[in-house]
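**Q** Residues annotated as domain 'Major facilitator superfamily (MFS) profile' in TrEMBL: 40-488. Summarising the annotation, TrEMBL assigns region 'Disordered' to 490-513. Residues or ranges marked as transmembrane segment by TrEMBL: 137-157, 198-220, 226-250, 289-310, 336-358, 370-389, 395-414, 435-453, 465-483.
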């Protein structure tokens, strides 16, 4: 809860001047007194980035691989149907290889969504365990388990359809702890004025993982060695194991526990966010969570954005294959473009958002609502444009790439809002909202599977898919605009005295508008 700032404009101005001066002093201490050192939180950011790049590479490679795995019949050109005519093959067109599996559209939707059955189950436990025991081991083991089950995926697919689903669920169980565990670590490591851009650096690893995984997976699927598509799982699973070894050696739970950190960096972090205890002293206020409207605002916003995101992530390669008739390599390469633009724009927007906050030109709450709206509205209207671009492949890719760039604004939007409400329970709260939002990970493919015909997919069916995703995203953002908050909640600390002691950095730094 912010310290009270009375209505007197002179008092308000004096306080803001003092806060701005204090912020500048903290930044100068960090800039000058750690010269010559590689900041330990920078290493955390790099390794976290690579970890998310790895898990997303392991998650999305199936979206491309399944195109090569399934023995789909060729769709006939029929001008009486609402379909795009397949282009005449050229010398550069890569002919499709017959797949090994006869899975219909419903089975494919179940496979694509099965990962999320496990993914949602470990979100809340992962966040709480990270808060109690530290995020290093939780995050690291989560990535390692994801890597192991990724390596086992081709074997499972060849054994049995149901066994493949089980392995995908187990892979989701491992990856489910990663986001809440990292959120708990960021709450202990990252000063408030760095959080938007730091979140963009770390969590945008998911975009880079997608950008790298999709084209490489598409190319691997064309190879004859080992059947082609299994290489997608072996390569990225192996990289995940190697990453785990480096993570365990380089990363520590808190600045105070790091044996190689610069003492001045510890001082800077401590002055910014206070001393981080190894274990929280409070039990989880579950009833307070249920009645916390700002937490519900984050949850609803993330659900809307996840529905749109997973519509693109899991179904875009299928749309480009069956409707726009891209070959598998072009399909994979072009499917990666929206995530590349989202990553670049996400970092730029987050740096700009932090700069506005540091200047005092915008409040924390207004900043989050502004950028969350940008992250929701522009991609949603982009999908509406794609729905009416029809068979114009160039227009579709331009709309996807340009509008998806603004989706990167989410890192300056709701992504770090949990830490504002309660730094101590940030991991658990992120687990709650991320679990709820990722239910869309299996609901979206299932609903799409019900809308899309197995025999003959049409533009009209896909327009319904895009309309639905845009509508859900826009409605969710409106809820966030009405009910989001950046005030630390009264249940966040053991008592008001403890909360007041920690408030100068977290709440005066961002006075409410």
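Note that Cβ sites are derived from N, Cα and C of the backbone, with glycine treated the same way.
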**Q** Counting only residues 6+ away from its ends, which parts of the chain sit with a Cβ under 8 Å from the transmembrane segment (137-157)?
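**A** The answer is 48, 51, 54-55, 58-59, 61-62, 69, 101, 122, 126, 129-130, 163-164, 166-168, 170-171, 173-178, 181-182, 185, 227, 229-230, 233-234, 236-241, 243-244, 247-248, 251.
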**Q** Which stretch, 198-220, 226-250, 289-310, 465-483, tops the Cβ pairs under 8 Å count with the transmembrane segment (370-389)?
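**A** Looking only at 198-220, 226-250, 289-310, 465-483, the most contacts with the transmembrane segment (370-389) come from 465-483.
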**Q** I'd like to know if the transmembrane segment (395-414) touches the transmembrane segment (435-453) in this structure, counting it as a touch only when three or more C-beta pairs sit under 8 Å and are separated by 6 or more positions.
**A** no
**Q** Is the transmembrane segment (198-220) packed against any residues at least 6 beyond its ends, judged by a Cβ distance under 8 Å, and which are they?
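**A** Same-chain contacts beyond the flanks: 41, 45, 48-61, 63-65, 179, 182, 186, 190, 228-229, 231-232, 235-236, 313, 317, 328-333, 335-336, 339-340, 342-343, 346-347, 349-351, 408, 411-412, 415-416.
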**Q** Which listed range (226-250, 289-310, 336-358, 465-483) shows the maximal number of Cβ pairs under 8 Å with respect to the transmembrane segment (395-414)?
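**A** Answer is 336-358, with the largest number of Cβ pairs below 8 Å.
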**Q** Does the transmembrane segment (465-483) reach the transmembrane segment (289-310) with at least 3 CB pairs under 8 A, where each pair is 6 or more residues apart?
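**A** Yes, these stretches are in contact.
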**Q** Express the predicted model's confidence over the domain 'Major facilitator superfamily (MFS) profile' (40-488) as a mean pLDDT, rounded to an integer.
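**A** The average pLDDT of the model in the domain 'Major facilitator superfamily (MFS) profile' (40-488) works out to 82.
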